[in-house]
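K.L.:
Let me give you the structure first, and then I'll get to my questions.
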């Protein structure tokens, strides 16, 4: 689960991490009043959306007067902000953070995440803050420093000090920076985060260490242990189809293609999308119904698929292990019948009760095409979508 920058900073304050004074606002009038109340010479007006790259897209503006603050808020609020992470459709900015400006001495980068290679938590630091860490890693990899953490003993003080030193923190701020790193790790572990990032982590002319910008993400599977985190969820920042899918324990991610995919298992889903791409098609989504899907779940999955107006065809690719193919077949027929499906549907079933499942589909009067392999199914749905009218007419005749 993603949260906004200002929410991440609220949590960081609970862990003793210094952040600038700020206030979240929803109107231009509120933004101006917040600037007055902060009483700072320099004010940052920052768009709050669930995406990075806001600064380069014009979503962060530095102002030095109330008139400039007002103009900046007017330019950002209720506008669509397009960054490299939002996609071409962008995101509407519903709120802006009004934040005090600080006198920056140095900018650094700091993050905490799980290293998929070693399956351990790793802290990443760099003296190059305020820019894309991917760009730093590509052009100057020697400026990226890592501290892998032994899960048996946790982060040690000497590791935090070493990372702070490698990040170029001056001696006057070294101890405070090391403590900040320790606090970030504690936040990461106690809140079951998937990532905590501060970019930039700054030192000020007053020798303070401050998180100027941050990103905090949580493991969805851990939210049952953290009801206090759920209050931060902003459904307006999420795809409505993804929200609906989560209600039925379905994993859904919207993509840019026009072929809807319904699969069980993340690995099979990835293979299915690759196969569709191989035959010249483009998947419209990643939809994993999981290992224990019921007929009701399948019906809801179809509702989500056809709610995407880009979908011109659907490929169902199911391997029945715990899940029985006859149950899936029944769910498919119920969904097609109830939803009046008007796009081509190709189904490949394999596994438990597969013959019974195929028989259920073939004996129905509904327009469902069954295939025997993933490759055959992918090729068929791509052909149907690319030559939709001709192919379907030939079949129906």
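Backbone N, Cα and C atoms are what each Cβ position is placed from, and that goes for glycine too.
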K.L.:
Pick from 264, 285, 372: which one does Swiss-Prot list with 321, 322, 323 for the same substrate site?
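P.N.:
Record source Swiss-Prot; matching candidate: 264.
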K.L.:
Distance between residue 321 (substrate binding site) and residue 213 (Mg(2+) binding site) at the Cα atoms, whole Å?
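P.N.:
Here the two Cα atoms are 46 Å apart.
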K.L.:
When the Cα-Cα distance from residue 323 (substrate binding site) is computed for each of the binding-site residues 46, 53, 55, 107, 199, which gives the smallest value?
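P.N.:
Considering only the listed binding-site residues, the nearest one is 53.
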K.L.:
Starting from the Cα of residue 199 (Mg(2+) binding site), work out which of the binding-site residues (46, 55, 99, 107, 264) are within 10 Å.
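P.N.:
Close binding-site residues: 107.
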K.L.:
Under 8 Å Cβ-Cβ from residue 99 (ATP binding site), six or more apart in the same chain: what's there?
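P.N.:
Counting only residues 6 or more apart in sequence, the Cβ neighbours of residue 99 (ATP binding site) under 8 Å are 20, 21, 22, 38, 43, 44, 46.
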